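Beneath this line is the structure, given in structure tokens, with notes to follow.
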Amino acid sequence: MGGAGVLLLLLAGAGVGVAWRPPKGKCPLTCSCSKDSALCEGSPDLPENFSPTLLSLSFVRTGVTQLKAGSFLRVPTLHLLLFTSNSFSVIEDDAFAGLSHLQYLFIEDNEIGSISKNALRGLRSLTHLSLANNNLETLPRFLFRGLETLTHVDLRGNPFQCDCRVLWLLQWTPTVNASVGTGACAGPPALAHMQLRHLDPKTFKCRAIELSWFQTVGESALDVESFSYQGEPHIVLAQPFAGRCLILTWDYSLQRFRPEEELSAPSVVSCKPLVLGLRLFVLAARLWGGSQLWARPSPGLRLAPTQALAPRRLLRPNDAELLWLDGQPCFVVADASKAGSTTLLCQDGPGFYPRQSLHAWHRDTDAEALELDGRPHLLLASASQRPVLFQWLGGRFERRTDIPEAEDVYATRHFQAGGDVFLCLTRYIGDSMVMRWDGSMFRLLQQLPSRGAHVFQPLLIARDQLAILGSDFSFSQVFHLEPDKGLLEPLQELGPPALVAPRAFAHITIAGRRFLFAACFKGPTQIYQHHELDLSA
């Protein structure tokens, strides 16, 4: 079909070759036109006497500029369709609609740089497909969906960019019962000239996460905790300036968080929830001996204050944590006053009463409950010395060790990953640190610049181990644990809006959506939504 500009029509059934020359300046789409004859532009109409039983059709060096949807609806009997050395660059969705009998599709040596994801839809009889020697840097995901009869695919000669956009192709190739020629990478530079078949899909990092702003809760807060009551997720905020513990729930109609109940708690620094069956308790740690226990004995009732908690010991509480000891629920409240002491409160009958005083005269700023070697442990951070680790022995906490080279630590938080226990240590002056337990001691693993930090909090959201370093002087930074390296890597800054003096973070999952709460001391609480991004899509 070189220079004569003649179309050879193979008529089904008759097996007779029929020659037809297109009118000058009018080359129908269903012709095989040479460069020397009239050029085809777009999708011209077929001649009235054109046979609809055409079996094969070739376009060689024509002026066809695009393949639109339904271009071949008038020739549904095609078994072979070929495009070679043409100038069109785009193939639209449903370009081959109606060709349910097509078995051979060759689109080679053209200038195609883009093909729509549904371009091949409906080709249920296709066995041979070639997109060789075009300008395709990538192929849309699911391009071959529904092409169950494919036996040969040729993609060679395209300048594929071997990034996340080709991951689906690498995963698809070994699953299909077809011979696939994929060719070589044109980029990125590190992979240039490497054969696609030699790439390992496991080495591609094509899943990303993002925290985007969702909602603001007006008043400032020092602490935030999540809990589930009667199957519904809740959040409780400690709001000292508003003088309350504010409980939030999800409004399914408005698709936002709304207040459900508030507990009067002037100068509150922490609101720690505990759910025991149908009962809900909230410990409100307040300054100057005003800490209280609130209780809801059953659903449908409101929370009410039931007990004053150790008014002579808890003078300036700075943190409260929940832990279970010998099957019994307990609270530990870190006290930062010289006259008070960090106190362990355990359930005894209807209330919680002091079980042990810890670390007197050390002005503790933070308590962290964790499990090491199968036993409960407690880590206390103090303004006067390095963090001290206690272990539960014989019904009480006994000092085990301190953490070396960890001066001026304001708070500690732990997380587990890959069977190891890690520790995030917050320092207001100096670098915050990540440590790992080696069986007898926490050892330094990583240091992160953190001027002005009061919180360095790890959070496991879905399958992502994150750690958020909040700062009073700069944007708060989100880090992601890289399993291969075992180190925290920067992920993003939180904002806008920027967090103003963040003090605590918590996450909650509702109806498959994941949210991060950021309690801020000098600004409103901000809520962010956690998104998973598939970079291979």
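Including glycine, each Cβ sits where the backbone N, Cα and C put it.
Residues or ranges marked as signal peptide in TrEMBL: 1-19. Sequence annotations record features per position, and here TrEMBL assigns domain 'LRRCT' to 158-207. TrEMBL lists 210-252, 256-298, 351-394, 396-439, 441-483, 487-532 with the feature repeat 'EAR'.
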- Recorded stretch that, among 351-394, 396-439, 441-483, 487-532, has the most CB pairs under 8 Å to the repeat 'EAR' (210-252): 487-532
- Query: Are there residues at least 6 beyond the ends of the repeat 'EAR' (396-439) whose Cβ is under 8 Å from a Cβ of it, and what are they?
  - Reply: 319, 344, 355-356, 358, 365-366, 368, 370, 372-373, 377-379, 381, 383, 385-390, 445-458, 460, 465, 467, 469, 481, 483, 486-488
- Near the repeat 'EAR' (441-483), which same-chain residues lie under 8 Å Cβ to Cβ, leaving out any that are not at least 6 residues past its ends? 209, 211, 389, 401, 403-405, 410-411, 413-415, 417-418, 422-435, 489-495, 498-499, 501-507, 514, 516, 518, 521-522, 530, 532
- Message: For the repeat 'EAR' (487-532), how many residues does DSSP put in helix, in strand and in coil?
- Response: 0 helix, 32 strand, 14 coil
- So, by DSSP, how many helix, strand and coil residues make up the repeat 'EAR' (210-252)? 0 helix, 31 strand, 12 coil
